[in-house]
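A.B. asks: According to TrEMBL, the active site, charge relay system annotation covers B:D132, B:H164, B:S334. According to TrEMBL, the feature domain 'Peptidase S8/S53' maps to B:123-350.
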Amino acid sequence: MTASVDQVMVSVTDGSLPQVLDDLREAGLVVDTVLEALGVVTGTAEVRAIPALQAVPGVIDVERQWRVQLPPY
Amino acid sequence: MTEPAEVETTGRFLVLLQEDAVEEGLAELGAIAGFNPNTGAIGSDTLQVFPELGVAVVSGDPNLLGELNGAAEGPGAVQIVEPERVVHVFAAPVEEEPEAAADESVLTWGLQAVGADVSTATGKGIKIAVLDTGWENNHPDFAGRTITTKSFIAGEDVQDGHGHGTHCIGTSAGPRKPATLPGYGVAYEAEIFAGKVLSNAGSGSDGGILAGIDWAVANGCAIISMSLGADVPAGTPYSQIYETVAQRAMAKGTLIIAAAGNASTRPARIAPVGHPARCPSIIAVAAIDVNRAIASFSSGSADRIGQIDVCAPGVDVYSSFKLPEKYRRLRGTSMATPHVAGVAVLIAERTGARGFELWARLAGTALRLPLASTDIGTGLVQAP
């Protein structure tokens, strides 16, 4: 059975991009998109790596991504 | 999680498993409920699994619920546990003729309700982003309009294969005098940014939504209209990340307006405001009908976290739709949200206000209605 992988989103402090990306990658984040205007990085990580991401200097919050579904008409 | 006393349950439990980790979730379930998912229990009375849905139905004694809830709160692949409900066929409600139906020969009832018909503001010079299912590129009512588009859905272009996005764009920024009346757009000269963050099947995730917000902020949009969300149980904390994002967007002059959700079944149950509208720095929009009554489905301030800020027309809303239909009447807080976004555009144009000043003017000038503030916030938004 493979390790559980999740889509995550990471908010970082103002001015910490792009330096924080190397540390996030080292902590286990596979970076999908860097949202510079928002100071947010999205990507995937093993669920067990989330505490390590949270511990990276410059990181404010790490959350799993939610899914959204419109109701049928 | 407790259920209201009047909800009839079966004694079984619904377990939502993480979408991409169903096997791991079943193993976790097995450890708690005392069965081995690999030895034929699947499909028996003990356990039913719907792998496409990522849902399992488990039977067991009532003590099991506590243990399953413990697993749902901890990390791992078991995400949500609910008692299985007994459902009945709904008795058909008496067909109610809308009394004193509005005259929609020239403009929709929604445009009249928000006072767009008596405002001279047009939205000219203001950029609005609608993050939804995309845009019907060939809609004749928008010929000659400046529309910037981008898809954040892998493998799908911005063309709206669903219709929801085209409807929301129509309400917020569509025409007042299309070839076929009525007119249906609040800010009819606004500059439109159509971001596709929901697929043609109507689904998306935070990654695409955040990418759409980033795009709108980077392009200087004053308003983002998001008729999307996920329903959550009462008491669910708001997303800290969306809250940070909304504050940063607001500091850069972009106000985010989002649908509260359609999860209520009034008067029996008022559902809490969904994600991400439940963030304090995102405007949460409720829906009212032509009689200025709260819509039966409109989610409300059911906990102290997600609070309704304003309301707008969200029942029997006529607007543009994907071809070949071209127009459709829809209901939902999804339809109320672009009314609010359009009014925000008009206020931005008329006053120059952005960010939180725009929020304050929008909420402060809303028309007070004799309804609970927990249902409609400050009231029905009004064009300047």
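Every residue gets a Cβ built from N, Cα and C, even glycine.
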A.B. asks: Rounded to an integer, what is the Cα-Cα distance in Å between B:H164 (active site, charge relay system) and B:D132 (active site, charge relay system)?
C.D. replies: 7
A.B. asks: List nothing but the one residue from B:D132, B:H164, B:S334 whose Cβ has the fewest other Cβ atoms within 10 Å; the candidates are the active-site residues.
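C.D. replies: Comparing Cβ neighbour counts within 10 Å for the active-site residues B:D132, B:H164, B:S334 gives B:H164.
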A.B. asks: Roughly how many angstrom lie between the C-alpha atoms of B:D132 (active site, charge relay system) and B:S334 (active site, charge relay system)?
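C.D. replies: Here the two Cα atoms are 10 Å apart.
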A.B. asks: Provide the three-state secondary structure of B:D132 (active site, charge relay system) computed with DSSP.
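C.D. replies: Looking at the DSSP assignment, B:D132 (active site, charge relay system) belongs to a strand.
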